[in-house]
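The disulfide bond annotation in Swiss-Prot covers Cys98-Cys103 and is backed by similarity to another entry. The feature 4-hydroxyproline is assigned by Swiss-Prot to Pro34, Pro102, with similarity to another entry given as support. The feature 4-carboxyglutamate is assigned by Swiss-Prot to Glu41, Glu96. Per Swiss-Prot, histidine amide is recorded for His51. According to Swiss-Prot, the signal peptide annotation covers 1-21, on the basis of sequence analysis.
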Amino acid sequence: MTTSFYFLLVALGLLLYVCQSSFGNQHTRNSDTPKHRCGSELADQYVQLCHGKRNDAGKKRGRASPLWQRQGFLSMLKAKRNEAFFLQRDGRGIVEVCCDNPCTVATLMTFCH
């Protein structure tokens, strides 16, 4: 009986050790550690951090109306192409910044308004 008791005690100790080591890392990890976020994880994190607000570069630059209305463009296609150029974030989108490369929460929040 003592052999089976020790075996049970060792098995229970190992089980507790495994549970503690796997769940304990969640609280010790720095939330601002660079991490790859792709797909639904990236989208969920974005919505959670930004609360549905998005980074509108036009508002940041004080544009009250679309570029084609303010500049009197003759071609709507040309106006939209130029406006899309200004809305890019240094040519890098959220997927390139946070999925292709690891990014921090602070970097991800730069895409919020």
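Any Cβ shown, glycine's included, is placed from N, Cα and C.
Positions of the features from Swiss-Prot, shown on the structure.
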residue: Pro34; record: 4-hydroxyproline; Cβ contacts under 8 Å, 6 or more apart: Pro102, Cys103, Thr104, Thr107
residue: Glu41; record: 4-carboxyglutamate; Cβ contacts under 8 Å, 6 or more apart: none
residue: His51; record: histidine amide; Cβ contacts under 8 Å, 6 or more apart: none
residue: Glu96; record: 4-carboxyglutamate; Cβ contacts under 8 Å, 6 or more apart: none
residue: Cys98; record: disulfide bond; Cβ contacts under 8 Å, 6 or more apart: His36, Arg37, Cys38, Leu42, Thr107, Leu108
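Around the Cβ of Pro102 (4-hydroxyproline), the number of neighbouring Cβ atoms within 10 Å comes to 13. In the three-state DSSP scheme, Cys103 (disulfide bond) falls into the strand class.
DSSP assigns His51 (histidine amide) to coil in the three-state reduction, outside any helix or strand. Its Cβ placed at the centre, Cys103 (disulfide bond) has 21 other Cβ atoms within 10 Å.
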